[in-house]
């Protein structure tokens with residue numbers, strides 16, 4: 001029950017920071033500001049965390065690489081697609097990736113009910129391909145990008161879960177992954193858009209602080225949940241954020257809420273209930 005509660009809070013925070021990124025016209029600068037705040041947070045914690053064992057470093061490096069690619073592709077996808085379309089599609093694929101990797105490589109045993117619940121969630125996301133889910137249709141040229149984002153999410157989620165099972169220090173693991181993954185975008189912003197980045201930082205530091213906090217805290221909660229329970233189930237439960245993102249997009253970004261998006265939200269909710277009850 002604790003693992004479920006942790007994942008649901010993480011889902012709320014994850015939905016919040018994605019909405020904030022989509023809301024801004026300068027998404028690269030928001031991500032760079034977010035990562036700068038994250039770097040500051042983890043730098044303050046360095047003196048209180050343990051150095052990872054040598055066998056954990058490959059997992060940390062792999063997770064950081066997938067997270068970097070994920071954030072880069074996310075910026076591209078949000079330039080052309082509705083939040084309520086891009087986010088559910090990319091998040092809907094990740095439980096399938098985690099489920100496949102878990103069954104093949106981790107030997108984790110799941111009940112038929114858990115597998116059915118996990119499969120219902122991405123099936124619901126397919127509804128969004130129908131006429132853009134009731135809003136703008138995602139350009140077909142962006143579909144491979146969204147699929148690749150889902151693969152990245154699934155891969156780093158599986159990697160994180162396996163690393164935490166081997167090294168039961170989720171907070172320490174979070175610090176080291178963040179140190180490796182949070183510096184490239186601030187550096188890129190300084191090189192390519194230095195005046196704009198400095199101006200954005202001075203004027204929008206509260207936004208960066210909010211997004212940075214949501215990212216780190218939601219990540220920490222998911223790592224803790226995966227340590228306590230099933231990796232595949234935690235990955236699937238986190239997709240309750242899809243419902244929140246669709247609602248946030250409708251409320252704050254004035255995106256439409258058609259029947260396909262409503263059906264997708266319903267299937268996500270049913271999948272979650274099937275897994276847990």
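Any Cβ shown, glycine's included, is placed from N, Cα and C.
Annotated range for transmembrane segment in TrEMBL, selecting from 7-24, 115-132: 115-132. Same-chain residues lying 6 or more positions outside the transmembrane segment (56-73) and placing a CB less than 8 Å from one of its CB atoms are 31, 145, 148-149, 152-153, 155-156, 159-160, 162-163, 166-167, 173, 176-177, 180-181, 184-185.
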